[in-house]
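Visitor: The structure is given below, and queries will be raised subsequently.
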Amino acid sequence: MDENETNQLLMTSNQYPKEAVRKRQNSRNSGGSDSSRFSRKSFKLDYRLEEDVTKSKKGKDGRFVNPWPTWKNPSIPSLLRWVITERDHSSVPCSKELDKELPVLKPYFIDDPEEAGVRGAGLRVTWLGHATVMVEMDELILLTDPIFSARASPSQRMGPKRFRRAPCTVEELPRIDAVLVSHNHYDHLDCNSVIALNERFGNELRWFVPLGLLDWMQKCGCENVIELDWWEENCVPGHDKVTFVFTPSQHWCKRTLMDDNKVLWGSWSVLGPWNRFFFAGDTGYCSAFEEIGKRFGPFDLAAIPIGAYEPRWFMKYQHVDPEEAVKIHIDVQAKKSVAIHWGTFALANEHYLEPPAKLCEALEKYRLKTEDFLVLKHGESRYLNTDDEDVE
């Protein structure tokens, strides 16, 4: 997207109204993918200039930093202390026991791919393991942080291995219109999955990625890529009424030895005429979620992490625990949430079944119903009706 075309995409109001998608001038070329390739630009946002929003920040070395007092950088000594002195309580059992405790279901779309894509005000969510969810809303099908590989690692011969297989392959997915990437850690941005999705869908698939990730996406062959800073927005061509806003989170980025925080991290707020979806990505707890809820809430559905949180002295800055996940649910004003980032990879020291148990305790503490924060089986779908009653 060139500068002249970008300048045509102007906002027409200072405040995002909760009752409808913001109207904006849109003289974008209807030709589609050619005009959107390798884009570093978005609509011009008035609210990005507001004084009370937390803007992305870089340090003196030009790398992104977390702007909240709730953040502390992970250090090599603290990492070594965790690895050497902390006991691993994950206790992942054999496959037979896992099949009983964490069954992997066949997603509905494998046998009936034509059924994918809800109409009107309906919303359906399918958990595909870890932070990968498929969301059908407002005539679009979205995928978050796709990883279908056996390992979350630069090599499929070593590194964290799934103890629950992916419920489907990329080839078995239905039509996907957009992929949301929260950050570049290997368990959220898997090169093999990106390449497979790009080979399957090509330029028909729009990628929404954080600032600094565009070059990496290009090297994977992806062309229909939109790279955004916090509080910037864009859309899928032909679906201008659904707005994708890159919003803050408290985390960090790294893929190689020397590239710490050269790429931004964040969450996603997807705002449609019928539904609103929030994807928290990977995050510690911070004040950003109240800002997001204030501007874009209430959300019909939020996908919020509940796992990889022990030991707290090391993990709390980068990974919320189940109680903090409930706080995010409240902060963003989610009507329903779905638990992600658990039950797939053993990335921390809590027992592999502890996250949903602790989530139930937290929901009771905050006087919320268990059905307010869904815990799905791998491959399971849930349909959310317009009257806010969920149906399997």
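Quick reminder: no glycine exception, Cβ is built from N, Cα and C everywhere.
Straight from Swiss-Prot, here's the annotation block:
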{"type": "BINDING", "residues": "H183, H185, H251, D282", "note": "Zn(2+) 1 binding site"}
{"type": "BINDING", "residues": "D187, H188, D282, H341", "note": "Zn(2+) 2 binding site"}
{"type": "BINDING", "residues": "K254, M258, A346", "note": "deoxycholate binding site"}
{"type": "COMPBIAS", "residues": "1-16", "note": "compositional bias 'Polar residues'"}
{"type": "COMPBIAS", "residues": "27-36", "note": "compositional bias 'Low complexity'"}
{"type": "MOD_RES", "residues": "M1", "note": "N-acetylmethionine"}
{"type": "REGION", "residues": "1-39", "note": "region 'Disordered'"}
Visitor: Other residues with Cβ within 8 Å of the Cβ centroid of D187, H188, D282, H341 at the Zn(2+) 2 site?
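Guide: Near the Zn(2+) 2 site, the remaining chain residues are H130, A131, D145, S182, H183, H185, G281, P305, A308.
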Visitor: Taking the center of the Cβ atoms of H183, H185, H251, D282 at the recorded Zn(2+) 1 site, which other residues in this chain have a Cβ no more than 8 Å from that point?
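Guide: So the additional residues around the site are S182, N184, H188, S249, W252, C253, W265, G281, T283, Q318.
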Visitor: For the binding-site residues listed here (H183, H185, H188, K254), which one has the lowest count of neighbouring CB atoms within 10 Å of its own CB?
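Guide: So among H183, H185, H188, K254, the binding-site residues given, the one with the fewest Cβ atoms within 10 Å is K254.
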Visitor: Of all the binding-site residues here, M258, A346, which one's CB has the most other CB atoms within 10 A?
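Guide: The most densely surrounded of these binding-site residues is A346.
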Visitor: From the binding-site residues K254, M258, H341, A346, pick the residue whose C-alpha lies nearest to the C-alpha of H185 (Zn(2+) 1 binding site).
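Guide: When the Cα distances are compared, K254 comes out closest.
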Visitor: I need the nearest neighbour of H188 (Zn(2+) 2 binding site) among the binding-site residues H251, K254, M258, D282, A346, using C-alpha distances.
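Guide: Minimum Cα distance from H188 (Zn(2+) 2 binding site) across H251, K254, M258, D282, A346 lands on D282.
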Visitor: For a quick check of packing: other C-beta atoms within 10 Å of the C-beta of H251 (Zn(2+) 1 binding site), how many?
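Guide: Its Cβ has 25 other Cβ atoms within 10 Å.
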Visitor: Which one is it: of the binding-site residues K254, H341, A346, whose Cα lies the shortest distance from the Cα of H183 (Zn(2+) 1 binding site)?
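Guide: Nearest candidate: K254.
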Visitor: What's the CA to CA span in angstrom from H341 (Zn(2+) 2 binding site) over to D282 (Zn(2+) 1 binding site)?
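Guide: Just about 8 Å between their Cα atoms.
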Visitor: Can you tell me how far the Cα of D187 (Zn(2+) 2 binding site) sits from the Cα of A346 (deoxycholate binding site), in Å?
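Guide: It is 11 Å, counting Cα to Cα.
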